[in-house]
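These come from Swiss-Prot:
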- 9-29: transmembrane segment (TRANSMEM)
- 80-100: transmembrane segment (TRANSMEM)
- 112-132: transmembrane segment (TRANSMEM)
- 136-156: transmembrane segment (TRANSMEM)
- 176-196: transmembrane segment (TRANSMEM)
- 204-224: transmembrane segment (TRANSMEM)
- 256-276: transmembrane segment (TRANSMEM)
- 288-308: transmembrane segment (TRANSMEM)
- 312-332: transmembrane segment (TRANSMEM)
- 346-366: transmembrane segment (TRANSMEM)
- 376-396: transmembrane segment (TRANSMEM)
- 402-422: transmembrane segment (TRANSMEM)
Amino acid sequence: MNRRQTWSLLLIAFGLFYLVPLSNHGLWIPDETRYAQISQAMLLGGDWVSPHFLGLRYFEKPVAGYWMIALGQAVFGENLFGVRIASVVATALSVLLAYLLARRLWRDPRTSLACALLYASFGLIAGQSGYANLDPQFTFWVNLSLVALWYALDAGSRRARLLGWTLLGLACGMGFLTKGFLAWLLPVLVALPYMLWQRRWRELLGYGALAVLVALLVCLPWALAVHAREADYWRFFFWHEHIRRFAGEDAQHSRPWWFYLPLLAVACLPWSGLLPSALRQAWHERHQPPVAFLALWLLLPLAFFSLSRGKLPTYIMPCLLPLALLMGHALVQRLRQADSLALRGNGLLNLGLALLALAALAYLQLRKPVYQEEPFELFLVLLVIGAWAAAGLAQWRYPLRAWAAPLLASWVLIALLPAAMPNQVVQNKTPDLFVAEHLDELTGARHLLSNDLGAASALAWRLRRGDVTLYDTRGELKYGLSYPEHSQRSVPLADIRQWLWRARQDGSVAVLLRINSASDRYQLALLPGDGERYRNGNLVLAVLPQVRP
């Protein structure tokens, strides 16, 4: 197969496995519905400076990530594809960066392609590519900043060096506008020790100032605009989203320091079996500048994230591109040496995982069925397991010829697994589909009420209105609700009957509840018994008609 055929096949695979599935499943709560609603509000309301969630101030992130998701909805429509396309584009650009950096480091087309393919099929990267979240975008900007740094350091002319440092500053600025100060910290963590090791600290001071200047020019217009609009933004964003999350005793998502070590291996599936040989080779080649640069890029951000109290799996996504390059470099070396041990081990690992998944599914179906009268979804999940097993078997039996078989396993997984979810998961985690089924009943509602932020944002996004009142819940909107002008946007349990009586005098009221506990059932019991009710799994929609005063 020549190069043109290879790239054509990869483009077809990209469309089939990454783009087609985007519209095949509802928005997951809480992240996808939140980001869809915030960006839609920007698109409809025209406020591109101050982020608002359900019409309330929401200062947990800057604005660039919302801009990109809003752009997707503006171009492709306010639909599932439009909401998710920004993540796919960001992932595709990161894959391209993996290819370009590997080509620059080793100047070998085969190694470049292997590195890009490994990165594109890492489970965490591929899985997040079809998920409307800010992490794929932020990961791209961090990747771009460090790729630009290497290009600047490896430049053969002053003009190329200036271009590299300028691009680094642009990437840091956009990363900051996407997720905050980490976009500045992570490149510094890598650049400082590497350039000190290379005795190029004068270059760091001189050209680094250019990168800082460019980053400030990118950030300052919005930073000043949001400060003028919302004077409390920077206090909340800096202390709540950075200091408390990193060092606070009450940090969200608190995990032990070693949380990311096993997760790193899981994130690399279906290539995790290559990790030992890749890390061993990196250790032997640690004195080579390209390998040292990649090792610092992998290890120092990983150490920083491990020291943070608040941890989520997606935080380590910026560490995966250098890992893919180290693994791809080691993989091609094994292929050239006809050394099949690591490849056989990886194939055996994937085969074992597939058999384990099949056994677990069979056990659950016999004891407590996950799929109940859902033959198509069960067939899809069996197809995913079968593809994973076939890929593992092929790589185990024919390691040198079928070295790329895990690509199929990963891509079939991301293409089919969302559609293979059992109904109980779909009903619980994607309420926008339930809302879409009842748009006719909801369109005329004067007031909207919900006891769950995920359900409320799904309701707001589907109806293109953010005025959903919160029923006995506050969650991450606690800050926005603290402003006096928004105090009526949340109704405590004790006041619900009085609130409903007043609201129904204005017009009909639509209430969307997620019933997951006894307290949720009590919330449902407090609603009036008249009107229409619709139920789907743990979702209940009550449409209460207008009453006369």
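Indices start at 1 and increase along the chain as displayed.
Glycine residues also receive a Cβ, built from the backbone N, Cα and C atoms like all the rest.
A quick note: this is a predicted structure, and the numbers were derived from the prediction, not measured.
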Tally Cβ pairs under 8 Å between the transmembrane segment (9-29) and each listed stretch (136-156, 288-308, 402-422), then give the stretch with the top tally.
402-422
Intrachain residues whose Cβ lies under 8 Å of the transmembrane segment (376-396), provided they are six or more past its termini:
270, 343-344, 346-355, 357-358, 361, 402-403, 405-409, 412-413, 416-417, 419-423
With Cβ-Cβ distances below 8 Å as the criterion, list the same-chain residues six or more beyond the ends of the transmembrane segment (288-308) that contact it, or say none.
105-106, 146, 150, 185-186, 189-190, 193-194, 197-198, 245-247, 251, 257-261, 264, 282, 315-316, 318-319, 321-323, 325-326, 329
Spatial neighbours of the transmembrane segment (176-196) far in sequence, C-beta under 8 Å, 6+ residues away:
61-65, 134, 137-138, 141-142, 145-146, 149, 153, 168, 203-204, 208, 215, 218-219, 222, 237-238, 241-242, 292-293, 296-297, 300-301, 304, 318
Which one, 80-100, 136-156, 402-422, has the most C-beta pairs under 8 Å toward the transmembrane segment (312-332)?
136-156
